[in-house]
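According to Swiss-Prot:
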type	residues	note
TOPO_DOM	1-5	topological domain 'Periplasmic'
TRANSMEM	6-26	transmembrane segment
TOPO_DOM	27-30	topological domain 'Cytoplasmic'
TRANSMEM	31-51	transmembrane segment
TOPO_DOM	52-79	topological domain 'Periplasmic'
TOPO_DOM	101-119	topological domain 'Cytoplasmic'
TRANSMEM	120-140	transmembrane segment
TOPO_DOM	141-164	topological domain 'Periplasmic'
TOPO_DOM	186-199	topological domain 'Cytoplasmic'
TRANSMEM	200-220	transmembrane segment
TOPO_DOM	221-242	topological domain 'Periplasmic'
TRANSMEM	243-263	transmembrane segment
TOPO_DOM	264-272	topological domain 'Cytoplasmic'
TRANSMEM	273-293	transmembrane segment
TOPO_DOM	294-311	topological domain 'Periplasmic'
TRANSMEM	312-332	transmembrane segment
TOPO_DOM	333-342	topological domain 'Cytoplasmic'
TRANSMEM	343-363	transmembrane segment
TOPO_DOM	364-384	topological domain 'Periplasmic'
TOPO_DOM	406-427	topological domain 'Cytoplasmic'
TRANSMEM	428-448	transmembrane segment
TOPO_DOM	449-474	topological domain 'Periplasmic'
TRANSMEM	475-495	transmembrane segment
TOPO_DOM	496-504	topological domain 'Cytoplasmic'
TOPO_DOM	526-531	topological domain 'Periplasmic'
TRANSMEM	532-552	transmembrane segment
TOPO_DOM	553-651	topological domain 'Cytoplasmic'
TRANSMEM	652-672	transmembrane segment
């Protein structure tokens, strides 16, 4: 049985799980178990399919009798799609295991319907990766968007519905851009098959138009700036295992689409240099502003969603380098850029999935998203705390975890730009490196804040004081992802050549030197990555701080004493503990132009019960783009909708007239 046949069985299981959930409406507990177990098995088969295809190393193509003449049903599984299937299936397995007990919280609240939409969501993502026809690609892309939209609005409260509407608008705006790009290529090729697109040699102007349409269309799904506004609202609104899939793998469909169009469908046309520079620029801006806005958040899931914008930016940085390499016919830049992009795509799926599952575990016990109402959870939820600690270290690119490895390769790709003689790239490379360095520092600060405020210190609410560990299936799911974060880092010298082979096969570039003890990336001294030295670095860096800590502890043990914290003469209260607002305050001053601070008087906040005064604190920090651009657009759209609402008269005859008028306009347009 080949990889495509295995993948077909995986899709059948997802569809069976979705239909079974639909027929079990009202029997939520049974639907949760059936949906979770079936999708788990489907994910395992998907993993086997991806590994089988990567091991075989050949492109598989299957054609079926089309239901429409213009839309051939063709499946094509190459190295990139197999890699994406593997990444998605890994996270599906873990999230399915997690859902078996997590979804009990939604019993009686539409859990069976959520199982239906969840499995449709997974199936559409996986099928989209191997679809080789523009019509069916768009159909599956829309299925993915609509099913995830239903998951976003699952709670049916005002916040989730507002988030869902913004997501719906931006997702479909992106779909329209992608559709126009495919129609332009279809007009030139006379077919909607991707195979015909690959043979096109478009004019520079038309090729650039197609690329920009596809880039911003798929970029809206990826959550890159400036099309990111839906992401920090929609992802936190969904159930946590759905958030893990949306943030961990759904946004990567956007990255996949950008790679597919720019480096596959338009490869015959050729890539202008400015395409890669544009992708690098937007990636750098997304990375820096994404982590900066994450730092300002008090909502734990919104913080993680903003961090996804940051990591999408890092991936786009590496993708931009790869596109520059293709433009300059430089296989080193191309392969190293894709190595960094694909490695970080995999790693981000794992540690972001882990952190969203950890956030879901916390929220299920404390019933709040506000980190200021958490604290001291490491004592009460030790397994969750341990798993989240690994996730925070990984996402902060701290060795010896996987986030460090992929960001290291991204750095290598940027260093490799120094070999290029183009002045624009000699300027773009250092600027991107500075922005990536600042991003890395802010990311460490962000997740120190998240972990410290959430798991350390004193409990800041009754729910935090009474919190208990989550059930074993949720713990096992989180620990599996934590173990993968460590395992992938330690196997980097084995895994990197495999990913480089995927990059080579996808772009048809000459393979770089890959061997044990030999530089993974051939080039000058400062661009070389040696597996043995990298492994030594991974083992040594975490060991040195540990030795220093033991030395300091032995020296100070004799002089240490324990007592109450000094509170300036007042009795200690948990509200006096350091807060996320305090951590962020210096950055609010430095980057004040990028934030709009909202304050609200709260009479319930009193540091001392004997003081009946009103204290003020920042309730939210609104990003500049959302406040100055997105909010006015939304308001204008709402006003326009009210103005044209009279067209919805309820008169069926008038609606028929609208249809006839639209048909006449279309016929005139075609005739002209």
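Each position is counted from 1, following the chain as shown.
From the backbone N, Cα and C atoms, a Cβ is placed for every residue, glycine too.
Sorting each residue of the topological domain 'Cytoplasmic' (264-272) by its DSSP state yields 2 helix, 0 strand, 7 coil. Across 120-140, 243-263, 475-495, the stretch most heavily in contact with the transmembrane segment (31-51), judged by Cβ pairs under 8 Å, is 120-140. The transmembrane segment (475-495) shares more Cβ pairs under 8 Å with 343-363 than with any other stretch in the list 6-26, 120-140, 243-263, 312-332, 343-363. Where the transmembrane segment (243-263) meets the stretches 6-26, 120-140, 343-363, the count of C-beta pairs under 8 angstroms peaks at 343-363. Note on the topological domain 'Periplasmic' (221-242): DSSP counts are 12 helix, 0 strand, 10 coil. Sorting each residue of the topological domain 'Periplasmic' (52-79) by its DSSP state yields 6 helix, 16 strand, 6 coil. Panel annotation: around the topological domain 'Cytoplasmic' (264-272), residues 80, 185, 194, 197-202, 204, 207-208, 210-211, 323, 326-327, 506-508 of the same chain, lying at least six beyond its termini, place a Cβ under 8 Å from a Cβ of the stretch.
Averaged across the topological domain 'Periplasmic' (52-79), pLDDT for the predicted model comes to 82.
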